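Asker: Sharing the feature lines straight out of Swiss-Prot:
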ACT_SITE  Tyr23  active site, proton acceptor
ACT_SITE  His100  active site, proton donor
BINDING   Asn74, His80, Asp87, Ile101, Ser102, Arg111  substrate binding site
SITE      Arg18  site 'Transition state stabilizer'
Amino acid sequence: MKKLLLVNGPNLNRLGVREVNVYGKGTLATLETDMKHEAEKMGVELECFQSNHEGAIIDRLHEAEDIYEGIILNPGAFTHYSYAIRDAIASISIPVIEVHISNIHQRESFRHESVTAAVCAGQIVGFGFYGYKLALFALMEKLREA
């Protein structure tokens, strides 16, 4: 059975209470449960991880290469400035799909640039929680192509 990793970055533990007009009312627990269920339907095991700490995310990305076949990553605000996370993604050989709940290109100008997207297999933005499912579908297709 394929194993995938879902990584959510800073402040995503606050889903459901943080800026519901931007991120919706769904919680991280709901998102993770829904994603695990979707993965199961595809015959895939999905492990979920969330951290507000850059180093913890980097460590998890490094460890993932030996455990998982691919990663779905929402780096949160680290998207816009974490060259360390960018370099961690670039250093691993498994595909990473970047996902964002909101359309980062329609928000504040500082959110328009992703320093991580260039080293990811793709980026999905603006589809709410459904974007994570799209990322799962895209990642599975990427793995089939390999």
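Yeah, the Cβs are placed from backbone N, Cα and C, and that goes for glycine too.
Locate each feature and note its surroundings.
Answerer: On its own chain, Tyr23 (active site, proton acceptor) has Leu15, Ile101, Ser102 as residues at least 6 apart in sequence with a Cβ closer than 8 Å to its own Cβ.
The 10 Å shell around the Cβ of His100 (active site, proton donor) contains 26 further Cβ atoms across the protein chains shown.
Asp87 (substrate binding site) falls within a helix when secondary structure is assigned with DSSP. Note: Asp87 (substrate binding site) has no non-local neighbours, i.e. no same-chain residues 6+ apart with C-beta under 8 A of its own C-beta.
According to DSSP, Arg18 (site 'Transition state stabilizer') sits in a coil region rather than a helix or strand. Taking the Cβ of Arg18 (site 'Transition state stabilizer') as reference, residues of its chain lying under 8 Å away and at least six apart in sequence are, in sequence order, Asn11.
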Asker: State the count of C-beta atoms found within 10 angstroms of the C-beta of Ser102 (substrate binding site), not counting that atom itself.
Answerer: 18
Asker: To the nearest Å, how far is the Cα of His100 (active site, proton donor) from the Cα of Asn74 (substrate binding site)?
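Answerer: Given the Cα positions, His100 (active site, proton donor) is 6 Å from Asn74 (substrate binding site).
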Asker: Helix, strand or coil: which one is His100 (active site, proton donor) in, per DSSP?
Answerer: strand
Asker: For Asn74 (substrate binding site), which DSSP three-state class applies?
Answerer: strand
